[in-house]
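Here's the structure, in C-alpha cells; my notes come after.
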C-alpha cells in the first residue's frame with residue numbers, strides 16, 4: 001500500500017479531483033425485543049444469554065416481525081423526508097459467516113420500506129448542505145465474533161473464535177445516502193456533519209441509543225474521486241470500522257488523499273472494503289469486493305409483505321417530535337439569537353442543556369452564557385462532553401436564580417458551580433458549606449467605598465465632575481477589598497451616591 | 001417380542017392395531033380399553049415389523065407409554081383434552097420434538113435433539129395424542145421414494161421390494177403396516193399425497209398456512225405444509241382439527257377459523273354428493289400414466305357421478321409448467337434454508353482438528369453431511385438465484401406460479417373440487433429410479449400445482465391397479481380454506497368404494513414376514 005510519505009497534499013487532491021461520497025449508516029433500534037423474536041434487545045448482557053431458537057436460526061424456527069421496529073422505520077423515513085412504500089417485502093441476503101446463524105440475513109433488497117428523501121445538514125460555518133437519502137431499509141443485526149489469539153484481533157492469525165449471538169436479530173435500519181457530490185473540500189466535514197445530524201435526529205425521536213462507541217450507530221463511508229470537472233464517478237472503496245464522528249472526517253480525508261496519490265501515479269483504485277485505524281488515521285485493505293459474494297437476494301418466504309396504510313403513515317407523521325432543525329429555528333426566534341450565536345450553541349452541543357436550563361426557569365441569555373462559555377471550558381479542561389459534566393440544567397438554573405436575587409455575584413456563582421462539579425452537592429449546599437455570601441450590608445460596604453475614594457482622589461474628583469465611567473476603578477477596588485463577595489451593582493450605586501451623582 | 005400381539009395370521013393386525021383412530025378414541029373414551037394398552041399394542045407390533053418395514057427412525061417406548069398413561073389419568077379425571085386423546089401417532093422426523101431427535105433423514109442432524117417443540121408436536125401433546133416415534137423420510141424431505149434417507153429406505157407394506165413413496169414414506173408405511181393409526185406428514189410437492197396414494201392410505205395437504213410451520217424444518221418455505229395422514233377420511237379429519245389453526249409464531253399461518261373437516265367427513269360418509277360439482281383436470285391422467293392408474297381414476301369418477309356429483313371436464317392449461325417451476329422455486333428456497341447447516345452451532349461437524357479454517361470445516365461438513373439429492377437441489381437453487389440468472393429462472397418460475405394459481409381460480413369458479421390421479425404410477429421398485437432424477441420427479445406431476453397455488457388437496461385410496469395389485473390414489477383438490485370439501489367428497493367416495501368391495505381395502509395388505 002501507499003506509504004504515508006508519498007501521500008498527496010489535500011489541497012493538491014482538490015485541485016485535481018472532485019470527491020464523491022456515499023454514506024451507509026446502520027442504526028440499531030432501541031426496541032424492547034429483537035427484530036424477529038421475543039428476546040430482549042439489550043447491550044452488554046452475558047454472552048449468549050439473550051437468544052432463542054429464532055435468533056439462533058435453529059432448524060424449523062420462523063421469524064415474526066417486530067411491529068415497533070416497522071413503526072420506527074416508517075417514522076425515521078418520515079423524518080428524513082422520504083416516501084413510504086405502499087407495499088414492501090423482506091428479502092434474504094445469502095452469504096456464509098459464522099456470526100450469522102442462518103447464513104442469510106433477513107433484510108430488504110429492491111423494496112425498501114422508505115426511499116427518496118433528504119436531510120439538511122448544517123456545517124460548522126452555518127452553511128446548509130442537503131444530503132439526499134436514497135433509501136432506508138429494515139434488517140437484522142448479526143452476532144459478534146471475538147477472534148482469540150493472533151496480533152490483530154482480526155480473523156487472520158487468530159487461534160480460535162468465540163461467537164456471541166446476543167446481537168443476532170437486533171433490529172437495524174440501514175440508511176443509505178444518494179451520491180454526495182459538490183461538497184469539494186468540505187466533503188470530509190459534510191460526512192461528519194451528516195452523521196452528527198442523523199444522530200441528533202434519531203436521538204430526538206427516541207428510536208435508538210445512537211452510541212457510536214457501543215455500535216448502535218455505525219457508518220460505512222464510500223469514497224471515490226472524479227477527475228475535476230469530468231462528472232465521471234471513479235472506483236469506490238468502502239471504509240468500515242469508523243467509530244467516532246471525528247473518525248468519519250479523518251477517514252474520508254485520508255481516502256481522498258490515498259486514492260488521489262494512486263490515481264496520479266497511473267494506478268487503479270481497487271474496489272474493496274477498507275478498515276480505518278483510529279491511532280494512525282489511515283485505512284487499510286480488507287476484503288476484496290471483486291471476489292465477494294453474489295448475495296442471491298430473493299423475497300423472504302417466511303414473512304408476509306408489509307403494506308403500511310396511508311392512514312397509519314399519517315398518524316405516525318403526527319407522532320414525530322419537533323425536528324432538530326425546526327427546534328433550532330424556534331429557539332433562535334424565541335431566544336433572540338443571531339445566526340452566529342445559534343451556531344456556537346449548536347457546535348458546543350449545548351442546545352438541549354440550555355433548553356433544559358431555560359425550562360427550569362433561567363433566562364435564555366444567562367443559560368446560554370453559562371453552558372457555551374464557562375461550562376464548555378470546564379468540560380474541555382476535564383476532557384468530557386458537555387452533557388457528561390456533573391452539573392444539571394436545574395442546578396445551573398438555581399445558580400442563575402441566586403445571582404438574580406443578589407445572593408451571589410458572578411464570581412461567587414462560578415465558585416458554587418465548581419463546587420457542584422466537584423460533586424459537593426446542590427448549589428445551596430455548596431453555598432452553605434463554604435459560607436459563601438454576598439456582602440450586602442450597606443454600612444460595611446460604605447466604609448469600603450469611602451476608603452477606596454480616599455485612596456484614589458483623582459478618580460473621585462472625575463466622578464464628582466460627571467465622568468461616571470471613572471466609577472469602574474473605584475468599584476473594582478471595593479470588589480477587591482471585599483474579596484468579590486460584594487454585589488458590584490450595589491457598590492456602583494454607593495460610589496455614585498457618595499460622589500453626588502445620584 | 002411378537003408373541004403377545006401377533007394374531008393367528010402371524011403379523012396381521014391385532015384386535016387393537018386393526019382399529020381406526022376414531023374407533024380407538026371411542027373405546028378409550030368409553031373406558032373399554034386404556035390408552036396404555038392401545039399404545040403398547042402398537043409399540044409391540046411396530047417393534048415386530050420394523051425390521052421388514054423400517055418406517056421409524058426413532059421410537060421412544062417409555063415416553064409413549066408415559067404419554068398414554070397421562071391420557072388415561074386425564075380421562076379418569078373426566079378431562080380428556082381432545083377426541084383423539086390416547087390415540088397413538090407416528091410423527092415425520094422433520095418436525096421438532098424436545099424429547100426425541102429430529103434428523104430430517106440426514107447425517108447432518110444425526111443425534112440432534114431440538115431445544116423446542118414444533119407447534120404441531122405441541123398441539124398433538126396438548127390433545128393427548130401419543131407420539132410413538134419419528135418416521136423415516138427422504139433427506140430434508142427431498143424425494144419421492146424415501147430412498148434418499150441417510151438411514152436406509154422404508155419399504156412399502158404392500159410389497160417390501162417397492163417404495164412407500166416420499167418424502168413421507170415412513171409415515172405412510174407406518175399406517176399401511178398398522179404400526180400406527182395416525183401419522184403426520186409434510187407436503188412440499190406431494191410428500192403427503194404421493195406416499196398416501198402408493199400405500200393405500202389417506203393424506204391431506206391442508207391449505208398453505210392452515211397448519212403452523214413453526215418447528216417444521218424448512219425445505220421450501222413457500223410450499224411446505226404439514227398435514228394429517230390416516231387410514232380413513234374420518235380419522236384424517238379428526239387429526240386435521242387437532243393440528244390446524246392460527247399460530248402467532250408462523251407469520252404465514254392463516255388467521256381464520258379452521259374449516260369444519262370432521263363434520264364434513266361425517267356428512268360425506270352418508271354418500272350423498274348431489275349438488276357437488278366435480279371438475280376432472282383434462283391435463284392429468286392421459287398419456288404416460290400407468291393403465292391401472294387410469295382405469296382406477298375413471299372408475300372413481302364414475303363412482304362420484306353415481307353419488308350424485310355433477311362431473312365436468314376442466315382445463316388447467318398451465319399445469320404442464322408446474323413441475324418446471326417447482327424445480328426452480330423449491331431448490332432456490334432450499335439453497336437458502338439449508339445454508340444454516342454449517343457445523344457451527346448444532347449437528348454434524350467434520351474435520352475440526354485445529355488445522356483447518358472455519359470455511360474448510362463448513363465445506364467438509366456440508367460435503368459429507370448432505371446426500372446427493374440434497375446437494376443437487378442446493379446447486380440448482382444456488383444457480384437459479386445467481387445474479388444474471390434470477391430473472392430467467394426464479395423470476396419466470398414465480399410468474400408460472402401466478403398463472404397456475406389463476407388456472408385454479410378459474411376452475412374453482414366452475415366447480416367445487418377438482419380431481420385427478422394422485423401420481424402417474426403405482427409404487428415403483430426400490431432402486432428403480434434412483435439414477436434417474438427426472439423419472440423420480442415425475443411422481444409429483446399431479447400434486448405440485450396445489451403446492452404452488454397453496455390450495456388444499458387430498459389423496460384417498462381408489463383401489464388397486466389391475467397390473468400389479470398395488471394401491472392407487474384419487475387426488476381431490478379444493479380452494480384455499482375450503483379443506484372441508486376434500487373431506488366431504490373423500491368420505492363419500494371412500495364409503496362407496498368400501499361398499500362395493502367384499503373386503504375393506506386395507507384388509508388386503510399382505511401379511512408381512514416377521515424377521
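Going from the start of the chain as shown, residues are counted 1 onward.
Every residue gets a Cβ built from N, Cα and C, even glycine.
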*asked:* Looking at B:48-67, B:68-87, B:88-107, which stretch does TrEMBL describe as region 'Disordered'?
replied: B:68-87
_Per DSSP, what is the helix/strand/coil residue tally across the region 'Disordered' (B:68-87)?_
9 helix, 0 strand, 11 coil
_Is it possible to get the count of other C-beta atoms within 10 angstroms of the C-beta of residue B:167 (active site, charge relay system)?_
35
*Hey, which bits of the same chain come close to the region 'Disordered' (B:68-87), Cβ under 8 Å, at least six residues off its ends?*
21, 24-25, 28-29, 31, 34-36, 38-40, 126-130, 181-182, 238-239, 242
*To the nearest whole angstrom, what is the C-alpha distance linking residue B:167 (active site, charge relay system) and residue B:92 (active site, charge relay system)?*
10
*Given residue B:191 (active site, acyl-ester intermediate) and residue B:92 (active site, charge relay system), what distance in Å do their CA atoms have, once rounded to a whole number?*
11
_Set of same-chain residues at least 6 away whose C-beta sits under 8 angstroms from residue B:92 (active site, charge relay system)_ = B:134, B:135, B:137, B:168, B:170, B:171, B:183, B:184, B:185, B:186, B:226
*According to DSSP, which of helix, strand or coil covers residue B:92 (active site, charge relay system)?*
strand
